[in-house]
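K.L.:
This is the structure I have questions about; it appears just below.
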Amino acid sequence: MMSTQVKESKKQDLTSILYLDGVSVSFDGFKALNNLSFVVEPGEMRAIIGPNGAGKTTMMDVITGKTKPDTGEVFFKGGIDLTKHDEAFIANLGIGRKFQKPTVFESQTVFHNLELSLKGEKGVMTTLFAALNDAEVARIMEILGVIRLTEKAGDLAGSLSHGQKQWLEIGMLLMQDPDLLLVDEPVAGMTDAETEQTADLLRDISKTHSVVVVEHDMEFVRALNSKVTVLHEGSVLAEGSLDTVQNNQRVIEVYLGR
Amino acid sequence: MRITIKTIIAALMYLLATQATAYADLADAAKGLLSKSYNEKIAATEAIAATGDAQAALLLETLLSGDLYATKSDDRLVYREKTGGGYQIRDIVTDEDLGVVKSGDIIKIRINNRMRGLIKDLLGRLTLLNEDPALRLKAANSVFKSRPKEMIVPLTDALAAEEDASVAAAMRRALAALNFVHGDTTEVQADALLILEEQANPDVRSLLSAEANRLAAIQDPSPEIQVLATAVSKALAKVEEKLEMLGLVENVFQGISLGSVLLLAAIGLAITFGVMGVINMAHGEMVMIGAYTTYVVQELCRNFAPDLLVYSLIAAIPAAFIVAGLCGIAIERSIIRFLYGRPLETLLATWGLSLILQQFVRTIFGPTNKEVSSPEWLSGAWEITGGLALTYNRIAIILFAAAVLFMLMLVLRKTSFGLQMRAVTQNRKMAASMGIRTGWVDAMTFGLGSGVAGMAGVALSQIDNVSPNLGQAYIVDSFMVVVFGGVGNLWGTLVGALSLGVTNKFLEPYTGAVLAKICILIFIILFIQKRPRGLFALKGRAVEN
Amino acid sequence: MLGLRKVAGAITGAAMLATSAFGLGSAQAADDVIKVGVLHSLSGTMAISETTLKDAVLMMVDDLNKNGGLLGKKVEAVVVDPASDWPLFAEKARELIEVEKVDVVFGCWTSVSRKSVLPVFEELNSMLFYPVQYEGEESSRNVFYTGAAPNQQAIPAVEYLMSEEGGNVKRWVLAGTDYVYPRTTNKILEAFLKSKGVAEEDIMINYTPFGHSDWQTIVSDIKKFGSEGKKTAVVSTINGDANVPFYKELGNQGIDAADIPVVAFSVGEEELAGLDTAPLVGHLAAWNYFMSVESEENDAFIKQWKAFIGDDKRVTNDPMEATYIGFKMWTQAVKQAGTTNVDAVRQAMYGQKVKNLTGGTAVMNTNHHLSKPVLIGEIQDDGQIETVWRTEDVVVGDAWSDFIPESAKLIADWTYPVVCGGCEKPMY
Amino acid sequence: MADAMYKTNKGPFVSLMTGLPGGGKTFLGILLVAALLVPLSNLLLPASSPFHVPTYLVSLMGKYVCFALLALSVDLIWGFAGILSLGHGAFFALGGYSMGMYLMRQIGDRGVYGHPILPDFMVFLNWTELPWYWYGFDMFPFAILMVMLVPGVLAFVFGWFAFRSRVTGVYLSIITQAMTYALLLAFFRNDMGFGGNNGLTDFKDILGFDLQATGTRLGLFVASLIALALGYLVCCFITQSKLGRVLIAIRDAESRTRFSGYRVEYYKLFVFVVSAVLAGIAGALYVPQVGIINPSEFSPANSIEVVIWVAVGGRGTLWGAVLGAFLVNWGKSYFTGSFPEAWLYMLGGLFVFTTLFLPKGIVGTSGTWIEKFKERRRGSPELAPAAAVKEE
């Protein structure tokens, strides 16, 4: 696998963790992404905001290999061309994705949800004979702690509250121990308190991982205090600290309408 | 029949001898018909025709239509009319009234195929000068088929007197055939060829091929024979070519008609399954119910309004729609509505339902096939040329399918119900919150689908068994069509049905019926790989997972 | 550990279930009744044809009881539904014989159902009466074949069409459903036609699947084949269900019996009742029985049938006569043997005579096939079939066709010295 | 300490040892006892005794057991991976035909035409020599191999295409139906060399034992039971393993599973093939007990019925499927005998009733009732899912 990565490596700077250049996607006529380009540096936390239909989710799809772009380049860790791979492969490369609507394995226990997301070899046969070793159990317990669900480890994921599901899903991402997390509206339908905790959680995570957060909630974005990218009609409208973008004339137009 | 007979008499006046003697000849000529042996009967038939008597044609007509009887008492040939007491019989020759008898007193004069053919032929010759062009056409064609040498002269006269263009054409063809067969000089034959080679007609083909073989067989042929032989083979080639073309047209037609049968069978399912996402295994039974409704309507007509029988089929269409529709609504209210969002449960429930419905029909109507007769205007074929005949019922089915589709489109696109239906399909909650009675809409939609299936049943009753198993025969195909076309899209169903039908018909000549079907199925399987959501992928409740 | 109580409970439960289900209670066949098993599909694809035969047997039983039963005992019919499911046929046959303890079984229609029950009857040495015309090539010790063998239907029909009277046909289409009966019949016919000097290219053979409903292509092919200048006829071994659409297509494409007659071996009054026969007048059928035949026996039979079924429109057909003859023969044999013991009855069956409904007398031969007359009729516009030709005398049913080399050498005779259903030489 | 709270994955072997899913032990127990009692009662008890199991009942039960195994195989893919196959009868039939071909070859020259090699129907259709695909079937091991290989390979090829191009839900169901329907038509053709509509029949003996003999019947019955038990263990092994949980994950949230790094198509393929092989084995055991295999086994209706057995018993509860198969088929046998005119009403009614009032099937529903009584003791992934099944 390594070798293929090397082969794929290109001229552009190999330092960036995520690199999109001139990506365009259109669904029968409608341009969801329009020549979108931006870069995420290793260890960086990036907030992406933008009105509905700005193309946030489509961007996620492109990065995780769910949608293939019509044109443009998408590179991971500098060298790996993501447009050539499918979801499973990309996930194993180290990109974790949290959906807008929290998706967990409802009919299985929280513990098993995490177990399933364990990083490691995921071939059919290995899975068939897989057994947990103490290290892995410990790891699961640790994450359970991080996402504050230790007591609920034995419960069915389906029985969790909305916010808890959000966390469980983040926890599942952490189990994958990815280099890059794509988090889609993590605090949708959370209480302020939960939102607070989530912000802290993500800040902690960003110490060790690169994180891209898509969010509407400005307060939350502020709480993250990270660099902000504003998407509009499929391309980058503005970039910079929250304050700078909020004072950006075109951003104001887009948000408040002309 | 009366008119035709009168006209025959008129037409034959000029070759009449004096009545009295004629009656005599005819009477003993006809005696032979009483014999048990068909050979004697045939001899008698020929004798009858030979008399050339006015009544001869009438006698033969009556014999052909199976209305000729003989009295047991004194062996007189009579025809009968039903009266209150029994049968009013009249002597076929003298038309003398012999009073009323019971069915036991007279016996039918039976004929077999050989006689049928002969009589048609003889009648044909007798009616060459009939005043009804249709009859003259028939006559010309029967002469063309049988080609008796002695008809050359009468036919030439008839042709000279003929003013109806189409009849004249037929006569010319017949005459050409006669000259070609019996022509004593190769010139005559060559001229005949020029006319024959323009005909796209299998009979001409067989005539020419037979002749070609004959000429080829001749030992050390004379030069003119050789010339003729080449001419014949050329003409044959031309005719074959024409027939080829027609064959292609016919093939397309058959494909389309098969397609529209599939369409009819599937279109109801396109709603219940495609739009509502109910895996409706009882769909076939809705079709069956439609077919049985047709049967019932026809029986009612037969018993209460026999003269309306012709239109019973048309009356059956709305009836079938309503009956099947109501069944659909009942099913939806009583079962389906508890199963929304669980398509698989609907599969199991409707499967159970289909078993029940089949057995129910079996209990009510019995397990045997029921007869649904085709009205006059649906039987027979439209002879475009000798080589191409499109059957009326197939044409009707194509038109019917188109009409049903069109109506459905209108309902879905133009009516408020259609609007509500689509609203519910796309977003139940929203629709509900906007005050649409979703329950009602569901019921109506399912009813609509079932009703359409019922109408399909009316059409299928014309080409297939009306039996409890009718539905089972079409359910799998219907699902194939809907899925292939793309769930939840009527256009898809249309295109799917037609393309499958036509492909099938083009494969069949090469692969045979079974392999053709197998190929189609494999094709569908592979096609779904390429487009996992069918031909026209479109959102519907069924595909929202 | 191994929840033994639960297990035990479950077992007893299962046992009780089984006992109740398979009515072991009812197994003790009362001595004062003679049980007759009826093994005809009442649901599924074959119900169309077979239900009629079920009713026919019930009628006969009813009649027998009215006339004092058999051997002074009441006769009781045990009806089961094998549901057109071939393995189920075997299961039901076993149930009839082992659980219900029936003395004889009347049943089956399709060859495959017969093949499926055959081993059961031979293993349990019971007796089956099979009332349908079939492909032959079989003679089981435990089966009596009261339907026509190919030489009692196909061959005479073709001979008729070849004759002057039949319109001396020169060109043949053998169209059939793709299963064993048509395959065999056509094979026999092909051999027969060739032996009569018909050329290879004058024979067209075509097979279609069961329940084939779209006949456009095939019918227009037949039309073309028929327009080659020689008199052409179609010999149809198309299976019951597919016939209605076939004939409808024939009628609509205007194939006139005078031009191309179709002679069918599986189309009887019952099938014709399902369609409007006006366009079919003159097409032929070959059977051992037609409803239209006038004879006292037949009139009585038809009257009885209509009364029993309570429908004046219901028709009778050949398999019904076969059932009738079979049942009558069996009752006579039982009377003669004075017991229902299978072996005794079997011996009594040989040479047993019953008057045909169409006149003449049917005789059971030692190859377990009947001697019957062969009738050829033309379809009339009232759905009846009028006899146009019949054999002078009865024809002996052949178990093994003389036109198939492998089977020509085989003989079937269940009496000494042969005692075998298919041997090249006598056993003793 | 975590282990105490909930089942930790110690690998499939361990979880198989430490405990089968709900009622599993009882179930195996029943099979075991049946395998012992039935032959004994048949051989030792006098026919008069109410507990005597007559021979015909033995082969009838044998037939049911085969159906049960088939149902099990369907439950494995439908209940756990959410793959609804409406064409599983095809694998069953293919297994059956492989066995049938062996039995055919065993007849040897005892056929009616006495041909040393060719089966009767071939002699009859003027076949001069054995078609290549009949070679080797005179050897039992080869036949057994084919019993598993043929359905397995077909399932592999079919699944490979279908799952890779992500055909799911209704579409998958319909094309599985198309598959079995195509095979049905193909096997009807006499030119295929499988005996056409009559199929393969008139078998004489298996491995030298006379098929009519009571001993052989008992043997086959016990063999079927063993096959069912093993099949059940295999299914448990799979569903208890982490792979089992992945399957459930796929069933409930396919894309989530993908983004967690699992190659969904391979998992589906794996379980699909396993299931097909099980179905094949069931078919192979079925044929010698009913004495005939013919194309109607391929008919879509049959495959749908299998799904119904599973639904009645309880989807996603392995032995529920077995129960369903027994109940429905027993019902069919009983009703067709006792209510020949009305049995379809009862059967149809049963299906409607179960779907309306026992949406999780008998076992599933009773399972949830039991749960109501017992205090929150969860963790048996087999019972729960039926509750939260997300329809495909």
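Note: Cβ is positioned from N, Cα and C throughout, glycine not excepted.
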K.L.:
Could you check which of B:159-178, B:479-498 is flagged in TrEMBL as transmembrane segment?
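P.N.:
Feature transmembrane segment in TrEMBL: residues B:479-498.
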K.L.:
Which stretch does TrEMBL mark as transmembrane segment, out of B:286-304, B:343-361?
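P.N.:
Comparing B:286-304, B:343-361 with TrEMBL, transmembrane segment matches B:343-361.
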K.L.:
Considering only Cβ pairs under 8 Å, which range in B:252-271, B:309-331, B:343-361, B:479-498 makes the most contacts with the transmembrane segment (B:392-412)?
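P.N.:
Selected stretch: B:252-271, with the most Cβ pairs under 8 Å.
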K.L.:
Using a Cβ cut-off under 8 Å, which residues of the same chain at least 6 positions beyond either end of the transmembrane segment (B:252-271) come close to it?
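P.N.:
Result: 280, 283, 286-287, 390, 394-395, 397-398, 400-402, 404-405, 408, 445-446, 448-456, 459-460, 463, 474, 477-479, 481-482, 485, 488-490, 492-494, 496-506.
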K.L.:
Excluding the flanking five residues on each side, which residues at least 6 beyond the ends of the transmembrane segment (B:309-331) place their CB within less than 8 Å of a CB in that stretch?
P.N.:
272, 282, 286-287, 289-291, 293-294, 297-298, 300-302, 350, 353, 373-378, 443-444, 446-455, 457-458, 462
K.L.:
Where else in the chain does the transmembrane segment (B:479-498) make close Cβ contacts, counting only residues six or more beyond its ends and a cut-off under 8 Å?
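P.N.:
Long-range Cβ neighbours of the transmembrane segment (B:479-498): 255-256, 259-260, 262-263, 265-267, 269-270, 273-275, 277, 405, 408-409, 412, 425, 520-521, 524, 527-528, 533-543.
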